[in-house]
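In what follows, a structure is listed as structure tokens, so that the remarks can point back to it.
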Amino acid sequence: MLLLIAGTMAVLLVRNLFVATMLLGIVSFTMALIFISLDAVDVAFTEAAVGAGISTVLYIGTLALVGSQEKDKPRFAAGPMVICLAVGAVLYYATYEMPRFGEADNPVHTHVAPRYIEDSPTEIGVPNMVTSVLASYRGYDTFGETTVIFTAGIGVLLILRQRRRRKNEDDETDVPLDEGKTGRKGSLSGLGSEHDLIPHVIAKLLIPFIFVFALYVQFHGDYGPGGGFQAGVIFAAGIILYALVFSLEYARHVINEKAILLLISAGVLLYGGVGVASMLLGGNFLDYNVLASDPVAGQHLGILLVELGVGITVTAAMLAIFYAFVGRADLIAAKAEQENN
Amino acid sequence: MSFGFFNYWVFIILLMIGLYTVMSRSNLVKKMIGLSLFQISVFLFYISMGKISGGTAPIVVENITDGAAPVYSNPLPHVLILTAIVVGIATTALGLSLVVRIRESFGTIDEEEILEMKDGA
């Protein structure tokens with residue numbers, strides 16, 4: 001805990017944004033360890049994969065585009081400090097009204113949670129209660145959140161690709177694959193140099209295991225910690241590792257942007273489709289009981305399909321975001337090269 | 001970890017550091033990092049509320065050795081935060097992509113410099 005506070009203070013004070021990003025990753029990872037100690041294994045899983053993994057990659061991708069040094073000297077901002085201290089003091093005072101940490105009769109634990117804990121083993125038949133609450137009891141929420149991820153992925157694509165398309169029409173700076181000058185210097189995709197033997201070998205060894213692990217997390221999420229969100233992020237991380245080590249062009253051979261666009265919507269459609277299917281079979285929207293002859297089997301099937309949809313959308317959205325950032329870096333590198341000539 | 005409100009205090013400190021970063025730093029990437037810190041601290045708050053002392057992770061265990069019914073921590077905050085983390089990274093990415101576009105339009109990601117430009121024009 002104290003490590004966390006030290007880490008965040010360092011993030012605040014450090015000048016170099018690269019260092020700040022790395023520290024943020026460390027803070028996320030420490031937070032994941034704390035989540036484990038607080039029994040939130042699924043959340044810790046997600047935090048480690050997202051906070052310490054994908055978000056660090058994204059920040060570094062941004063920094064490659066915008067430069068990594070803060071400009072002005074560190075200075076003491078009196079106004080914000082006063083506001084922060086005041087808000088902090090109010091919140092600190094409010095903690096004394098809070099129920100004590102970790103007691104079983106806190107109000108949080110007396111509303112709907114007991115029903116989830118007691119009935120989900122018989123109603124849903126899935127040992128991991130987090131999965132059953134996520135995909136079945138609160139399936140509407142999760143549908144909404146999947147849609148948010150879908151929207152954010154589309155949004156990043158729109159923001160970062162708009163100029164590119166116009167540029168391609170104007171002066172055809174689209175860097176073709178077979179010309180071999182795919183922005184080796186200064187661009188993210190240029191990271192994959194042919195001479196770095198050790199990363200290549202290690203990545204080749206690791207990536208199959210990452211994919212197998214992602215599939216395990218995806219389909220074992222009913223029984224242990226895991227599920228669509230984590231599996232999607234891990235799967236995307238495998239492809240991002242491939243892209244970082246071997247260059248984006250190779251990754252585009254594996255899965256290109258059109259396929260990503262198809263997948264990103266296919267996931268949401270699969271989720272919604274399960275809901276519509278259950279409606280057609282006479283139940284409510286996202287009521288999985290009717291999907292099979294036995295309600296518990298129906299719940300199993302429904303949760304499996306819904307988690308698959310979530311996994312597909314999350315993978316595709318993360319990849320779309322990553323490709324957009326890296327493609328942007330390539331574009332700028334190509335532009336700079338052109339201006340130099 | 002049974003000392004009363006300690007988790008809540010850590011949450012408040014992290015929250016305030018995040019808030020201060022957002023308000024006092026003019027670099028837009030640093031502001032996004034501040035928002036991430038803010039977000040992480042809220043996650044800690046929720047997960048702390050879901051914890052029951054002596055409880056275990058909310059995954060049904062079949063073989064209980066001592067015969068007593070296991071106490072599970074509250075799964076509901078876990079579900080909320082689990083999805084919030086992934087949604088958070090998606091929205092962070094959206095923010096960062098806006099920062100990239102701002103950099104391309106203005107040549108800087110420093111908020112004050114952008115405002116000066118606007119006043120000068």
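Positions of Cβ are set from backbone N, Cα and C atoms, glycine also.
So that you can see what the record holds, here are the features copied from TrEMBL:
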{"type": "DOMAIN", "residues": "A:2-64", "note": "domain 'MrpA C-terminal/MbhD'"}
{"type": "DOMAIN", "residues": "A:82-165", "note": "domain 'MrpA C-terminal/MbhE'"}
{"type": "DOMAIN", "residues": "A:198-319", "note": "domain 'Na+/H+ antiporter MnhB subunit-related protein'"}
{"type": "REGION", "residues": "A:169-188", "note": "region 'Disordered'"}
{"type": "TRANSMEM", "residues": "A:12-36", "note": "transmembrane segment"}
{"type": "TRANSMEM", "residues": "A:48-66", "note": "transmembrane segment"}
{"type": "TRANSMEM", "residues": "A:78-96", "note": "transmembrane segment"}
{"type": "TRANSMEM", "residues": "A:142-160", "note": "transmembrane segment"}
{"type": "TRANSMEM", "residues": "A:197-217", "note": "transmembrane segment"}
{"type": "TRANSMEM", "residues": "A:229-248", "note": "transmembrane segment"}
{"type": "TRANSMEM", "residues": "A:260-281", "note": "transmembrane segment"}
{"type": "TRANSMEM", "residues": "A:301-326", "note": "transmembrane segment"}
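When the stretches A:12-36, A:48-66, A:78-96, A:229-248, A:260-281 are ranked by Cβ pairs under 8 Å to the transmembrane segment (A:142-160), first place goes to A:260-281. Note on the transmembrane segment (A:48-66): residues 17-18, 21-22, 24-29, 31-32, 186-188, 230, 233-234, 236-237, 240, 244, 318, 321-322, 325-326, 328-329, 332 of its chain, located 6 or more positions outside it, place their CB under 8 angstroms from a CB of the stretch.
Remote same-chain residues near the transmembrane segment (A:12-36) are listed as 1, 3-4, 43-45, 47-48, 50-52, 55-56, 59-60, 63, 68-70, 74 (criterion: CB distance under 8 Å, separation of at least six residues from the stretch ends). Beyond the transmembrane segment (A:197-217), the same-chain residues lying 6 or more positions past its ends with a Cβ under 8 Å from any Cβ of the stretch are 45, 226-227, 230-232, 234-235, 237-238, 241-242, 245-246. Tertiary proximity for the transmembrane segment (A:229-248) is limited to same-chain residues at least six positions away from its ends with a CB under 8 Å from its CB atoms, namely 42, 45-46, 49-50, 53-54, 57, 182, 188-192, 196, 199-200, 203, 206-207, 210-211, 213-215, 217-218, 221, 254-255, 307, 310-315, 317-319, 322-323, 326-327, 330. DSSP labels the residues of the domain 'Na+/H+ antiporter MnhB subunit-related protein' (A:198-319) in these numbers: 101 helix, 0 strand, 21 coil.
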